[in-house]
Amino acid sequence: MTISATEALTRCIEHREIFHDEMLHLMRMLMRGEMSPQIASALLMGLRVKKETVGEITAAAQVMREFATPVVTPNPQDLLDMCGTGGDGSHTFNISTTAMFVAAAVGVPIAKHGNRSASSSSGSADVLEALGANLQLSPQAVAECIEATGIGFMFAPAHHGAMKNVAAVRKELGVRTIFNILGPLTNPAGAANQLMGVFHPDLVGIQVRVLERLGSRHVLVVHGKDGMDEASLGAATLVGELKNGVVREYEIHPEDYGLSMMSNRSIKVSNREQSRELVIEALDNVEGAARDIVALNAGLAIYAGNKADSIESALALAFEMIANGAARAKLEEFCAYTRKFAK
């Protein structure tokens with residue numbers, strides 16, 4: 001079933017949903033550059049004002065996955081992605097990027113999908129380069145990296161070439177659109193497990209249900225009640241969990257796991273070098289907020305990656321991997337392996 005962009009815009013104005021097949025058609029038009037900039041921007045803003053539904057986001061994510069350049073691995077059902085929507089305005093260091101080395105040290109195979117900074121002081125790609133990683137890898141090289149080190153990093157622009165067809169519209173609009181929440185839903189390696197941070201509490205329930213429809217295995221979607229798109233030490237964290245086909249929503253508190261409530265002030269950064277310093281500090285087991293927030297998020301990743309039966313036991317593993325140096329060693333191993341592909 002198809003629908004014209006003008007008809008879709010009318011639906012948005014009337015606050016009516018665009019159905020799945022219709023959204024597939026519209027999204028393919030956007031990805032192929034078959035929509036004028038004026039209509040494309042009107043449709044994106046219409047969806048935003050109406051508020052995108054689970055069905056609309058699911059269809060859009062399916063199309064982005066169709067158009068993506070894939071990373072092919074033997075067991076995508078075991079892979080874990082760790083990323084966030086960004087846009088939380090907290091300017092903290094790269095917590096989930098640091099936490100992936102901890103989770104990988106436990107044996108969770110990581111296929112991280114990331115980009116340069118959009119709203120933060122340092123995107124995942126920025127800090128990984130500052131740490132010495134080479135990110136100019138082919139899809140085959142990323143797959144080899146996952147096999148050899150347990151970590152692969154997929155630089156989003158290298159895998160989503162069709163996004164060039166909406167880049168100018170997005171830049172000119174300068175506000176959030178559906179594309180800001182699609183990135184974490186479009187892992188090129190098809191990772192079936194995920195720890196995703198979101199910038200708004202409403203997205204916790206939405207994104208976990210989108211991933212349910214997309215066929216994910218074990219997912220945690222988190223939002224710190226202090227506004228962070230990570231599990232926070234400064235407030236309770238909202239969690240949407242998909243496990244064994246069942247969605248649950250609940251809150252977790254740092255004190256539940258023996259962690260102290262801490263302000264985010266000490267983990268704010270203004271550039272990638274400051275972020276790099278905090279990554280190293282956390283992985284070197286320096287006591288403080290950087291280490292503890294990394295351990296908390298790594299614990300959630302280990303649990304989502306099915307290497308522990310509970311968040312409590314996963315958090316204990318995270319602290320162990322930091323204390324015994326395994327997480328720092330994993331960082332060095334990953335960076336060294338990526339440099340083998342440098343031209």
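Note that the numbers count up from 1, one per residue, in the order the chain is shown.
Placement of Cβ uses the backbone N, Cα and C atoms for every residue, glycine included.
Owing to the predicted nature of the structure, the values given are computational and were not obtained by experimental measurement.
Taken from Swiss-Prot as is:
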BINDING   Gly84, Asn115  anthranilate 1 binding site
BINDING   Gly84, 87-88, Thr92, 94-97, 112-120, Ser124  5-phospho-alpha-D-ribose 1-diphosphate binding site
BINDING   Ser96, Glu230  Mg(2+) 1 binding site
BINDING   Arg170  anthranilate 2 binding site
BINDING   Asp229, Glu230  Mg(2+) 2 binding site
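Summary: among the binding-site residues (His113, Arg116), the fewest other C-beta atoms within 10 A of the C-beta are counted at Arg116. Using CA atoms as reference points, the binding-site residues Thr92, His113, Asn115, Asp229, Glu230 were checked against Arg170 (anthranilate 2 binding site), and the closest is Asn115. Of all the binding-site residues in the list Gly84, Asp229, Glu230, the shortest Cα-Cα distance to His113 (5-phospho-alpha-D-ribose 1-diphosphate binding site) is found for Gly84. Among the binding-site residues Gly84, Asn115, Glu230, the ones whose Cα sits within 10 Å of the Cα of Ser96 (5-phospho-alpha-D-ribose 1-diphosphate binding site) are Gly84, Glu230. DSSP gives Glu230 (Mg(2+) 1 binding site) a coil state; it is part of no helix or strand. Under 8 Å, Cβ to Cβ, and six or more positions away along its own chain, Asn115 (anthranilate 1 binding site) finds Gly123, Ser124, Ala125, Phe155, Ala156, Pro157, Gly183. Geometry remark: Glu230 (Mg(2+) 1 binding site) versus Arg116 (5-phospho-alpha-D-ribose 1-diphosphate binding site), CA distance 18 Å. Thr92 (5-phospho-alpha-D-ribose 1-diphosphate binding site) and Asp229 (Mg(2+) 2 binding site) have their C-alpha atoms 10 Å apart, to the nearest angstrom.
Sequence-distant neighbours of Gly84 (anthranilate 1 binding site): residues of the same chain at least 6 apart with a C-beta under 8 Å from its C-beta are Ser96, Pro184, Met196, Gly197, Val198, Phe199, Asp229, Glu230.
In the three-state DSSP classification, Thr92 (5-phospho-alpha-D-ribose 1-diphosphate binding site) falls within a strand. In the three-state DSSP classification, Asn115 (anthranilate 1 binding site) falls within coil.
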